[in-house]
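Asks: This is the structure, below, for whatever I ask next.
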Amino acid sequence: MVRESMEEGLLTGRYQLPPNETKPTSNGADGDSLADNLNMPSQPAASSLTPVLVFSTFVAVCGSFSYGCSLGYSSPAETGIMEDLDLSLAEYSVFGSIMTIGGMVGAILSGKITDLIGRKRTMWFSDVFCTVGWLAITFAKNALWLDIGRLLIGLGVSIFCYVVPVYVAEIAPKSYRGSFASSNQLMTSSGFAIMFFVGSFISWRTLTMIGTIPCVVQIIGLFFIPESPRWLAKCGREKEFEASLKRLRGENSDISEEAAEIRDYIATLEQQTEASFLELFQRRYADALIVGVGLMLLQQLGGNSAVAYYTSSIFKESGISGSLGLQVLAVIQIPVATLGLLLMDRSGRRPLLLVSASGLCFSYFLQGLAFCFKELPNLKALTPPLVLSCTLIGATAFTIGLGGIPWIIMSEIFPINVKAQAGSLVTLVNWSTAWIMTYSFNFMMDWSLAGTFFFFSGISGLTVLFVAKLVPETKERTLEEIQASITHSFSVI
């Protein structure tokens with residue numbers, strides 16, 4: 001769910017210098033924003049691609065892989081868990097959805113913990129919860145221990161959703177930030193796909209052990225990577241800040257210019273007044289709140305998390321082998337995620353969101369029709385191929401758009417002085433709505449198979465209208481331009 005960095009405004013450094021100050025650029029022009037040069041080391045950008053930087057990014061995105069594993073676990077494990085532990089539908093619905101309750105708690109705490117103890121320690125903190133959670137599920141003898149394990153995993157991965165993209169964005173040089181940050185979503189999709197694919201062949205208890213692997217790798221790897229230099233600078237730990245930046249950029253690199261720019265920007269931020277949570281609801285932030293909260297609500301009300309958690313049940317209801325359907329779905333995840341990343345900065349946010357929501361609307365509508373055909377003897381044979389095809393279309397549409405873009409837009413539309421509060425609010429909305437949908441999904445399916453997917457199709461149709469009418473295009477625009485256009489009476493500092 002991965003989702004992208006909630007501190008993008010802070011990390012891109014887009015602010016204007018005071019009127020009486022100017023800064024020369026490489027071509028000799030004066031008066032440009034410091035953001036144009038922030039994170040640009042004095043050496044050539046290519047030489048900043050060091051082994052330490054690559055390894056640090058790999059260690060960090062192990063948390064994203066763990067998040068993907070948690071998303072993909074419940075569907076292939078459903079049959080085995082319900083049979084072995086004799087769970088009712090209601091009990092398994094609690095197990096499938098309780099991760100989102102842990103996620104809500106983690107979403108509230110993530111920002112404060114990350115700033116208080118640092119990025120590395122926060123990842124360790126998350127790893128402990130995830131590892132204990134996976135082990136609790138592995139050795140569970142009843143529904144209670146299953147739920148405790150799932151709750152702990154939700155708490156851990158929701159913090160990963162925040163800290164991993166923040167850490168990666170803070171250590172990467174400006175010229176590589178986009179591609180390095182993109183590895184977060186790719187690893188989430190990879191973890192999800194592996195759980196779906198491997199879960200078709202092994203028991204649910206063995207599958208949980210796969211979920212612990214990225215946690216163990218990250219726990220060990222964190223001993224060998226540097227802390228975020230920006231967090232160290234913010235804490236005033238000058239020697240450690242320079243040492244960390246030196247390791248990331250190379251021992252022979254000249255970090256003086258980049259280090260000075262980071263110090264200047266941190267000093268400027270410290271002079272700004274942090275807005276309170278209630279100030280977020282002022283009229284000038286209304287449009288940004290509507291867009292941010294609206295996208296998160298529609299993303300989850302469209303049923304995508306619920307469908308991902310219970311894909312196996314959907315396939316069985318349509319007459320498809322659950323294991324075969326999961327394998328096919330797993331195969332397309334990584335290529336589709338890669339395609340979405342390639343299209344992000346070429347086509348823009350709005351077109352991808354419109355295509356994504358339209359694809360989901362179409363696929364869910366056909367899926368609803370397919371379950372209607374199930375009741376008609378002459379058309380019953382069409383149900384399995386239609387359901388499989390529509391599930392693949394829906395997964396593709398979600399991955400290239402609604403899966404990650406709402407998080408990117410959220411990081412772009414809120415001014416820096418309310419970004420932390422706004423980020424916590426929309427993240428909480430996302431996780432709480434996910435809990436409602438994942439818990440109620442099985443009961444909706446019992447009510448009406450076709451009606452459930454017609455409902456999701458209708459929500460996706462509303463998403464198309466919402467994006468077309470209210471969501472701004474943020475491609476190739478500075479944060480100041482985006483925020484000035486979407487907030488009322490907002491002046492760029």
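The backbone N, Cα and C atoms fix where each Cβ goes, and this holds for glycine too.
For reference, TrEMBL lists these features for the protein:
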- 1-37: region 'Disordered' (REGION)
- 52-73: transmembrane segment (TRANSMEM)
- 56-475: domain 'Major facilitator superfamily (MFS) profile' (DOMAIN)
- 93-111: transmembrane segment (TRANSMEM)
- 123-145: transmembrane segment (TRANSMEM)
- 151-172: transmembrane segment (TRANSMEM)
- 184-202: transmembrane segment (TRANSMEM)
- 208-225: transmembrane segment (TRANSMEM)
- 238-272: coiled coil (COILED)
- 288-312: transmembrane segment (TRANSMEM)
- 324-344: transmembrane segment (TRANSMEM)
- 351-371: transmembrane segment (TRANSMEM)
- 386-410: transmembrane segment (TRANSMEM)
- 422-441: transmembrane segment (TRANSMEM)
- 447-468: transmembrane segment (TRANSMEM)
Asks: Please work out the mean pLDDT for the residues of the domain 'Major facilitator superfamily (MFS) profile' (56-475).
Replies: 84
Asks: When only pairs 6 or more apart in sequence are counted, do the transmembrane segment (123-145) and the transmembrane segment (324-344) reach 3 or more Cβ pairs under 8 Å?
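Replies: The answer is no, given that the two segments have fewer than 3 Cβ pairs within the 8 Å cut-off.
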Asks: Would you mind listing the long-range same-chain contacts of the transmembrane segment (151-172), meaning Cβ under 8 Å and 6+ residues beyond its ends?
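Replies: Sequence-distant neighbours of the transmembrane segment (151-172): 1-8, 11, 53, 56-57, 60-61, 63-64, 66-67, 70, 98-107, 109-111, 113-114, 119-120, 122-123, 125-130, 132-134, 136-137, 180-181, 183-184, 211, 226, 228-231, 248, 423, 427, 431.
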Asks: Tally Cβ pairs under 8 Å between the transmembrane segment (208-225) and each listed stretch (52-73, 184-202, 324-344, 386-410), then give the stretch with the top tally.
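Replies: Top-ranked stretch among 52-73, 184-202, 324-344, 386-410: 52-73.
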Asks: Any chance you could find the range in 52-73, 93-111, 184-202, 351-371, 386-410 with the most Cβ pairs under 8 Å to the transmembrane segment (324-344)?
Replies: 184-202
Asks: Against which stretches of its own chain does the transmembrane segment (351-371) lie, if we need a Cβ under 8 Å and a gap of at least six residues from its ends?
Replies: 298, 302-304, 317-318, 340, 343-344, 382-383, 386-387, 389-391, 393-394, 396-398, 400-403, 405, 449-454, 456-457, 460-461, 463-464, 467-468, 471
Asks: Take the transmembrane segment (93-111) and find every residue of the same chain, 6 or more past its ends, with a Cβ under 8 Å from one of its Cβ atoms.
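Replies: 6, 70, 74, 78, 81, 87, 122, 143, 146-147, 150-159, 161-163, 305, 309-310, 420, 423-424, 427-428, 430-432, 434-435, 438-443.
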